[in-house]
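Structure record follows, encoded as structure tokens.
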Ligand SMILES: NC(=O)C1=CN([C@@H]2O[C@H](COP(=O)(O)OP(=O)(O)OC[C@H]3O[C@@H](n4cnc5c(N)ncnc54)[C@H](O)[C@@H]3O)[C@@H](O)[C@H]2O)C=CC1
Ligand SMILES: O=C([O-])CC(=O)C(=O)O
């Protein structure tokens with residue numbers, strides 16, 4: 001068969017067109033594959049917030065959904081628990097979370113069922129509890145919280161993820177955390193903590209105001225002990241970053257009398273001062289501190305910096321083991337470790353022991369309510 005010149009040219013053209021189409025297709029496939037490799041969409045982390053219809057809850061859940069707790073590339077699923085009388089209000093919070101269209105928020109559960117709330121939870125922030133009311137004895141409040149924390153400990157133990165990290169905020173925070181630990185024996189004791197980061201941040205704030213320096217330049221204050229007015233805010237190891245390196249806070253403040261009296265009582269009594277001013281307890285700063293606590297625990301503390309966390313004591317610094325006591329800690333790869341070897345002077349020793357004594361009494365009271 002005879003092939004004309006036109007037909008030969010036509011063939012070549014056709015081949016070229018096919019080749020271009022094939023190359024475009026291949027290029028597109030490669031680009032899609034590379035995009036897949038670079039994709040940063042992680043598995044969502046499930047975060048439980050109990051008492052979520054309350055005022056800290058209302059400040060905290062949008063922070064979590066915005067990535068302030070676990071990072072700006074970490075999707076989250078929120079589980080919110082409250083009690084029946086707050087169910088309608090909780091529903092409203094869920095509606096607002098949907099309306100806010102948070103890109104990281106991959107699901108919201110709002111429930112009054114503790115089992116549903118605890119299911120597959122990776123992080124639990126416990127805000128729910130029974131507040132002290134007029135005319136109530138400490139023992140009455142303790143007894144109500146012991147039963148709440150006992151029940152929630154069992155639900156977490158049975159239904160949460162095996163490596164669930166717990167942060168107790170509700171007061172009495174240290175002792176509620178201790179009860180939770182007692183009744184959730186299969187959750188590792190290192191995974192149960194309480195919030196003293198608010199007190200830590202308050203101490204940083206006071207030093208920053210006194211020295212007129214940026215708060216992010218102040219570091220390594222310590223809150224020892226109970227989240228109560230016996231806590232000991234300690235600046236003996238705290239420093240300020242200056243253009244000439246780190247300078248001790250004591251040297252810069254140059255007023256030991258202020259540091260040993262007014263500074264300590266201001267931090268110890270700050271919660272009460274906020275209640276007096278707002279007629280409500282601290283909520284935005286408590287929510288922010290809860291985010292700081294979990295973020296540093298999960299993602300790590302910056303090099304050379306420690307933070308304060310209420311953790312299970314092992315006897316170090318002469319603090320009786322078996323209490324949830326606030327210590328200076330560093331965090332790495334999801335684990336906290338108490339900063340060791342800090343020098344403790346006589347003034348500090350006395351204050352650290354006083355707050356430990358209060359925790360021993362609270363523990364006794366809690367155990368008597370069981
Ligand atoms: N550790 C810290 O630094 C701080 C601790 N707190 C404490 O945090 C807690 C929460 O404070 P707010 O949000 O201001 O209180 P709030 O009274 O506004 O909210 C508490 C919420 O817990 C709910 N609740 C009560 N019993 C519950 C249960 N068994 N299960 C689930 N939810 C339950 C209530 O219905 C309410 O919605 C309080 O105990 C407060 O004293 C407050 C500030 C700082
Ligand atoms: O007593 C309260 O509810 C408030 C509180 O713990 C604080 O602000 O430190």
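Including glycine, each Cβ sits where the backbone N, Cα and C put it.
TrEMBL annotates 138, 171, 202 as substrate-binding residues; of 106, 132, the candidate listed for that same site is 132. Within 122, 145, 201, the residue that TrEMBL lists together with 51, 52, 53, 54, 55, 56, 57, 82, 169, 170, 171 for binding NAD(+) is 145.
TrEMBL assigns the feature transmembrane segment to residues 17-35, out of the candidate ranges 17-35, 150-168.
Under DSSP, residue 57 (NAD(+) binding site) is assigned to a helix (H, G or I) in the three-state scheme. The binding-site residues examined here are 55, 145, 171; by Cβ neighbour count within 10 Å, the least packed of them is 55. Set side by side, the binding-site residues 53, 170 differ in how many other CB atoms lie within 10 angstroms of their CB, and the most is found at 53.
Shown are the recorded positions 132, 202, 227; the one with the most C-beta atoms within 10 angstroms of its own C-beta is 227. Within the same chain, the residues at least 6 positions away from residue 51 (NAD(+) binding site) whose Cβ sits under 8 Å from its Cβ are 57, 81, 82, 126, 127, 128, 129, 170, listed in sequence order. For ligand 2, none of the binding-site residues lies close by, meaning a CB under 6 A from one of its atoms; the full candidate list was 51, 53, 57, 145, 170. Just so you know, the Cβ of residue 57 (NAD(+) binding site) picks up 25 other Cβ atoms within 10 Å once every protein chain is counted.
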